[in-house]
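A.B. asks: Take a look at this one; I'll ask things after.
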Amino acid sequence: MALDPAEQHLRHVEKDVLIPKIIREKARERCSEQVEDFTRCCKDSGILMVLKCRKENSALKDCLTAYYNDPAFYEECKLEYLKEREEFRKTGVPTKKRLQKLPTNM
């Protein structure tokens, strides 16, 4: 039984694991300023980071939560996943492997 590359049905693991992974990665990219602020605060504060970095942690959580709860952002990530899956089903090559550069000394 061959899989149809253009099929839109999502399995449980795709809905609950793979698409949320894409959402987390893209949200971290879009909240990079808050991620950097929180990381810097943690590095500078050491053990006291729990107390000293509350403001940065709250800003980071607010930014990430806004993306996690945005239905349009979920659909954008879902379409990106479906496109990657369709390409994989056509070529058999995962996206990460396709993006790697070929050696130049061949």
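Glycine is treated like the rest: Cβ placed from N, Cα and C.
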A.B. asks: Taking Swiss-Prot as the reference, CYS53 is linked by a disulphide to which residue in CYS31, CYS41?
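C.D. replies: Recorded disulfide partner of CYS53 in Swiss-Prot: CYS41.
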A.B. asks: In Swiss-Prot, which of 9-19, 31-41, 75-85 is tagged motif 'Cx9C motif 1'?
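C.D. replies: Matching range for motif 'Cx9C motif 1': 31-41.
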A.B. asks: Roughly how many Å separate the Cα of CYS53 (disulfide bond) from that of CYS63 (disulfide bond), to the nearest whole number?
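C.D. replies: If we compare the Cα positions of CYS53 (disulfide bond) and CYS63 (disulfide bond), the gap is 15 Å.
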A.B. asks: Work out the three-state DSSP category of CYS41 (disulfide bond).
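C.D. replies: SS state of CYS41 (disulfide bond) = helix.
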A.B. asks: Between 0 and 100, where does the mean pLDDT of the domain 'CHCH' (28-71) sit?
C.D. replies: 95
